[in-house]
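Participant: So TrEMBL says this about it:
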type	residues	note
ACT_SITE	321	active site, proton acceptor
ACT_SITE	409	active site, proton donor
DOMAIN	495-590	domain 'Peptidase M1 leukotriene A4 hydrolase/aminopeptidase C-terminal'
REGION	604-624	region 'Disordered'
COMPBIAS	609-618	compositional bias 'Pro residues'
């Protein structure tokens, strides 16, 4: 591929990429290289009754290439375009003229389409900004998750949220859906009475009488980081620049679990990597239907409410999303094929923060737990599987979301740790990361940008040719299959990992001695120690490989054996609590098997499900099924 990282739009401070060729992003149908997107505005109305978003979008664009005759944006079949127009200056000082533009929708991949807008010559003037307005309606595309009241934590009012990563926001609004393009944005959102709206931006105004919320993001962000949530949400401040948002029934629990820790973590991160530029760091807890654990939307981290069950996983995931404020949001991978530039660096930054806040032993324990999972995945996939490359290459039509795996995080982390080891001083490497953020802030970069800047920052390493060190070549790190070429020293965690391994060894013998095992006080173990022990015990167990495979959904396991009827009954009892996307997936799994007479299918779809015993009962079965399907995905 030929690359060119694109810096931010209006107000960008960052320097341009060190790569000077044009970027090719096979996941985008747009002609983003032909324009500079300076700003866009969304004006939206949310209709919960029919689960529909209607409104318009205004894009401020400047042509940067001669001879451009069309604007091509990414969109999706679930998004219906009603009209496209633009304003052009009137002749001899006359008022601006609104031109209706012709457009066509063309297929692109199974995750999107292209919106091709013809631009008249009167619009296209080199380096002169023009505005295009697109009026549209969108419903239940991959970015938009409408939850009926039964699917929320409180089970009293509906809720909607969006999830743009990786290429889903083209179903939320037409866009240059590539991480290479960044711009500022603003939004006006109209909602019914009793609904609160939040976005990955600062709230600039609010009219209680008209139920209109207005937002502004003053720093350039890629399309996938535009996010919205609306529902019965309340807040509590937990720091000078942070508040927790959640449904009323879980707000107190969320506040008590986070306490004053968020400001402490932000201060540690700023000491390591420089100023936090996004102003607010708020957190919104979403129902268990949220399709991932957490999402690093600027100003507003989205996180799944079920994580409140574990203090340690909550701590790690919030700190990871904080780290994205520097690595991923401020400096972004220019293409999804190098997602490790965001996730690997954010994982390294997360562990620098936890080391400063909680010590080496805690960080090493968490790292051992994650690297164990990486090697478990490696054993399942094989050493030569191309998904284990840091620079993953995919053909047109492949959904970038399929590249989200542990290699992106943990192999990327190991490479960044290796770079830190090369410079010989972790604090010198902290200085490098601060300079890297300062250099590329609000830009999108490729691996060569990072590595060239690294070698320029440490000229002695460049002179000693560390990039070509035998067996550890940078090129081999990036494009070689298999596990990390080396891993960091984690011996500082022995005080916590040692007892776990010792108990595993005792348990693994043919005749374990109960008296010896009873000397271990597991009540004093942390969550990571307990889960690490169970994982390692399972690794040594005689369970069939298919059962141990974490990528097989629970329902597929049940339907593949004698438990098919049980799976049907569980689905029958819980389908009302499942998100429609998940419900459709499970219906496909259930109906694929010949063991279920297809004539019974209508009853599964139309019979009223049993109601939960009380409004506060957690949707346990639904959550378990969702977790398994997510892992499979």
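Here the Cβ of each residue, glycine as well, is placed from N, Cα and C on the backbone.
On this model, are these features tucked inside or out on the surface, and what's nearby?
Facilitator: If you take the C-beta of residue 321 (active site, proton acceptor) and look for same-chain residues 6 or more apart in sequence within under 8 angstroms, you find 294, 295, 296, 301, 303.
Cβ neighbour count for residue 409 (active site, proton donor) (all protein chains, 10 Å cutoff from its Cβ): 23.
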Participant: Quick check on the domain 'Peptidase M1 leukotriene A4 hydrolase/aminopeptidase C-terminal' (495-590): DSSP residue counts for helix, strand, coil, in that order please.
Facilitator: 68 helix, 0 strand, 28 coil
